[in-house]
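S.K.: Mind having a look at this structure? Questions to follow.
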């Protein structure tokens, strides 16, 4: 049991989330309901997609701080195409292609030109946001067609068509990273790039693919964002990349690469979204939200780290105690037995 808590961030997050739900439910009995679950699921989709894309990049020991701008740019492309009369399926394909191309440009600079990822994506953060503003003239994109908004309609049990797509993506990404050879390359590159290269891992191709995946996830997040709110403001996605990085840290993804899981990120997103939902339900003034959410995030990280240290100490103490109790062979008796055997 101690090993489970020490090695699995998901278990810790689920335990803390359960305690948080119990406390909030006691303070506000109406909070624990199907409507709340539906709200949390719906509200988590955009952050979920950005966080999963960010996780793939971090696994390769890189960072992507342009995902919010990619979301905004892709959403703007979608909105402009739809308002120009382009059909929804084609507009969605071109939106996803925009995100993939933006990610590919990031990957090209990092994997093939050797530019540090933080420098490259800081540059494209401003570049993509600027392109979006030029395309829209600094105006919001409104009057989006109803067929786009219908994608976020509740089909039952809090699930919309977009929720189903995100769940399928989560399962696919988990299977890809855990069950496929190329998926395992992401962990190998992040753990030790030089060793991975010597073992024949296509390091540059893996890094490039990670950024393309992140860009595509950001574009899909842009579609979800536009469908849920029905318009596209010029600050769409602004700042969400930092929240996604915080989610990854909370979910057990190492910023040094090579360590992390889809389940950990999903649990962290649900935790963060649940806190935001609870603050709204408890009618806490909006200007307190960032402060409380940030304080809770730091508290959970510090508490989790402290608990892990205590658990690991207990595990080590238990192992040492077992070794101390192990019988030590008597040198004298061993010598006597050897002598008798020789006679």
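Each residue, glycine too, has its Cβ placed from N, Cα and C.
I grabbed these lines from TrEMBL:
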{"type": "TRANSMEM", "residues": "35-59", "note": "transmembrane segment"}
{"type": "TRANSMEM", "residues": "71-104", "note": "transmembrane segment"}
{"type": "TRANSMEM", "residues": "110-134", "note": "transmembrane segment"}
{"type": "TRANSMEM", "residues": "155-177", "note": "transmembrane segment"}
{"type": "TRANSMEM", "residues": "208-232", "note": "transmembrane segment"}
{"type": "TRANSMEM", "residues": "244-272", "note": "transmembrane segment"}
{"type": "TRANSMEM", "residues": "284-303", "note": "transmembrane segment"}
S.K.: How about the transmembrane segment (155-177) and the transmembrane segment (71-104): do they have 3 or more C-beta pairs under 8 A, pairs 6 or more apart in sequence?
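M.R.: With fewer than 3 qualifying Cβ pairs, these stretches do not touch.
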S.K.: Report, as numbers and ranges, every residue of the chain located at least six residues beyond the transmembrane segment (71-104) whose Cβ falls under 8 Å of a Cβ in that stretch; write 'none' if there are none.
M.R.: 46, 50, 124, 128-129, 131-132, 135-136, 141, 143-145, 147-148, 208, 211-223, 225-226, 231-232, 234-238, 240
S.K.: Cβ pairs under 8 Å only, please: of the recorded stretches 35-59, 110-134, 244-272, which one is richest in them relative to the transmembrane segment (208-232)?
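M.R.: Between the candidates 35-59, 110-134, 244-272, the best contact partner of the transmembrane segment (208-232) is 35-59.
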